[in-house]
Structure formats: structure tokens, C-alpha cells
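Student: Swiss-Prot lists 19-39, 51-71 with the feature transmembrane segment, giving sequence analysis as the kind of evidence. The region 'Substrate-binding pocket' annotation in Swiss-Prot covers 294-324. Annotation comment: Swiss-Prot describes ASP309, MET374 as substrate binding site. Taken from Swiss-Prot, the feature heme binding site covers CYS437.
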Amino acid sequence: MILEMLNPMHYNLTSMVPEVMPVATLPILLLTGFLFFVWNHEETSSIPGPGYCMGIGPLISHLRFLWMGLGSACNYYNKMYGEFVRVWISGEETLVISKSSSTFHIMKHDHYSSRFGSTFGLQYMGMHENGVIFNNNPAVWKALRPFFVKALSGPSLARMVTVCVESVNNHLDRLDEVTNALGHVNVLTLMRRTMLDASNTLFLRIPLDEKNIVLKIQGYFDAWQALLIKPNIFFKISWLSRKHQKSIKELRDAVGILAEEKRHRIFTAEKLEDHVDFATDLILAEKRGELTKENVNQCILEMMIAAPDTLSVTVFFMLCLIAQHPKVEEALMKEIQTVLGERDLKNDDMQKLKVMENFINESMRYQPVVDIVMRKALEDDVIDGYPVKKGTNIILNIGRMHKLEFFPKPNEFTLENFEKNVPYRYFQPFGFGPRSCAGKFIAMVMMKVMLVSLLRRFHVKTLQGNCLENMQKTNDLALHPDESRSLPAMIFTPRNSEKCLEH
């Protein structure tokens, strides 16, 4: 009886299903369509790159940069998607470009003169709207840059040869300080101390503890790389950044003490002209109310870290290449003997060292240290047919660019790549345009002087089984040897014992 009563209900429900199903399915279909649209709405972008995927794409993109390092991640994306790629860092659209025409356009124009990075990270470093390296305030940057341009050209450029020769020879005379029991020379420590000494002699002229300051510079640079693109949440958890904050504070405090000593010497000097240099110009501008104390200290810090930070590694890579290529060493030594003979190096010799200059250029092309440049678009633009919105982050992968276009043997180390003049749009180790490296001319002089001075006294050799290509490196803000895995050491053999003793 009961079963019979239920049968009609069963039949009625069954008959209702076809009518109810379309109504219930419609919202599901709409939701599915919406999600599909969101998932793919960025796929229509004209710029190649990973998909947006409901925000998963930007998250993975940023994580990849944090995990691999800036330089390595740029190489990954350019290799995967081409030479003009759209990715994300901190949720912001970022272009990774290794195309010479695009790079030329960006470096040339003033509306790409700003950089990008974590505001919190740059504040920790003292670089937020201060100094010149990562200052993102165009007005403040333009006010500070002339101090660097003046210091890195003119009289300082002329004095660099004498200062650098003296510094190199003084440190080579004390080579035992950076040589272990096996006779292996820690080349990076040697270069860092030498370059810090030369920079101090030219720009600050205050006695300092080279060993101590060099270690602090290394800690500062490690913190800079670690904090530059960290997400904001990282800075909310104090213990995560405590180590880096300590490293930053140590160098900033040390530079602050040196700057105070410089102020004291300036304001108690009988003859001010005896103290005129980069730091003096900054301090006098501070006294006139044109700069703040923070501006002065940060500019001194950035001037003091520039050479030990990048040029030291650059020269180390060059020495490795010389050791690996005997014919190149022979050509360099022949030119040194032809130009100098037995006399000391002079400023007039710089232009005559053509083989040395080609070697330096090829070394920077083949094994760069600074292989990426970070910029931000300050207005809407179109680059090589691609629309670029105001506020877009840009990373120029110049290290990859130098191995893609123009050079006859891009993947080999050979001086043939610079036998003919190279148009500067294809080779930009120091950049050009409004935000080019202010020290590019003095850097070339320093490298020539250091290499000539060292090679005249020593034959260099890598440790057995070591070569530049198989060396463990980290490629983040800059490309450095991984010092945590192996000592950046070489063997120095005197070329002429009597000549060495003369120094």
C-alpha cells in the first residue's frame, strides 16, 4: 500500500529532472566560463611570457626570481620565451629584454632613468631616494649624480694611474697576507683591498682598516642582493631580516665614523685646498644646506663599495682567462713590453694599450659581472612594437644580449670578437645615456693599471682542474664566484725575481 503511494511521487520526481537540470546547470556554466576567462584573460597579451592563471603566474614568477636569483631567472625566461618577455616581480609587470634594439631605446631615453626594487629593502640599505645606485627619486638622483661625475673624471681620472700603480705594488709586496700555506693567493681579497685603498686615496683620504671594511662591504652586498626584491611580508617578520640588517648597519656605521673624521679635518684645516676631493665637495654642499648628512654618508658609502664590489670580481675573472689562454697572455706581455719597456706606467700609455683594451672588453662580454640592468618606465611607450605602460619594471639582460648579436664568435672567448670596431648599441658593459655608469672611464683605467702592474711581476695560474667555465657561481644582482663552495684562489709565480725586489 505504502509502496503504491510512493510510486506516483517517484514518477513525478523523475519527470521533473529534465526541467530542473538546465536551471541548475546555468550558474555552474556561467561560473566555469568566468573562471576560464580569468584564467586566460592575460594570454591574449602581445608580449610573450608565462600566463596569468588566476594570479598563480605572477606568484610563480616572483618565486622563481627569489629562488634562482635575478640573473639566472632572466636567462631562464629569455631562453624559454624569447628576447622580449613579460613576467612579474612583487605582482608588478616586469619586462625581461635581451634585444639590442630595445636595450638601446631604453638606455637612450630619460623616461627610463629610474630603477625598481623593494621600498623596504632599499630603506634598509639607505638607498631609498638617496645615493645614485638605486635612487628612484629622479630629482634627488639628478642633484647627487654631478658629484660622482666630477669625482670620476678630470683630475681624478688623471691621478688614477699613479694612485693605482702604487696601491697594486704595495699590496703585491704584502702578498703573503692573502696567501695560504699551500701558496694559493686569495685573488678576490687581494683585489678588494687594493681597490678599496685606491678609492680611499682618491675620494676620501681617511685612514681605515682595509681588512675590516672589505668584510663589511661583502656583508652589505650580500644583504643588498637578498633584500632587493623580497616581498613586503618578509620585512614584517623581523627575525628573517635580522642578519642582513646587522650587516648593513655595520658598514653604514663604519662609513659614518669615517665621514665624521673627514668633516673634522675639513673644518679644522688651515688650507682647505689640501683636502679637496669627492667627500669634501659633498660635505661643503651639506654645510651650504644643499645636501643632508644622510645624502653625504650614503654617497661616500656607494663610492667606496663600487670598485671592491664589482671591479674586483671582474679582474679576478680576467686573470682566470689569462691563465687559461697562454696565447692571449703572450700578446698582452708583448704589448706591455713594447709600450712600456722597463719604465713605469704613465697616464699617456692608456690609449696605447690596444690589445689590453680588447682583452678587457672581450672578458666583460664573455664573462660579465654586472649582466643585468634594472629600470622602470616613467611614461607610456612603445618598444619594438610592444606597448609598455607607465610603471612597468624592466630588466635588461645585457649579458645574454652580448652573446646573441653582432660578434663573429659569440660563445667563444677570443680577441677576434673585437678586432673590428663594435657599434656601442651591441656592447654595453657600463650602459650609456642619462643613467649610464658614472665611473666607466675610471673603471677602464683601473683595470688596465691593475692588469699591467700585476702581469709585469707575476705569471698567473689557476689551481689544477679549475677554470672559469666550471667555477661555481651565483647569478643574482651580479654574477660572482660562489665563495662558500671554493676559495677564489690562484698561483702567482714571479716573472723576474730581481724586478720584484725593486718594488
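Backbone N, Cα and C define each Cβ position, glycine as well.
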Student: By DSSP assignment, list the helix, strand and coil residue numbers for the region 'Substrate-binding pocket' (294-324), in that order.
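Tutor: Across the region 'Substrate-binding pocket' (294-324), DSSP assigns the residues as follows: 31 helix, 0 strand, 0 coil.
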Student: Quick one: give me the count of other CB atoms within 10 A of the CB of ASP309 (substrate binding site).
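Tutor: Other Cβ atoms within 10 Å of ASP309 (substrate binding site): 24.
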Student: Calculate the per-residue pLDDT averaged over the region 'Substrate-binding pocket' (294-324) and state the result as an integer.
Tutor: 96
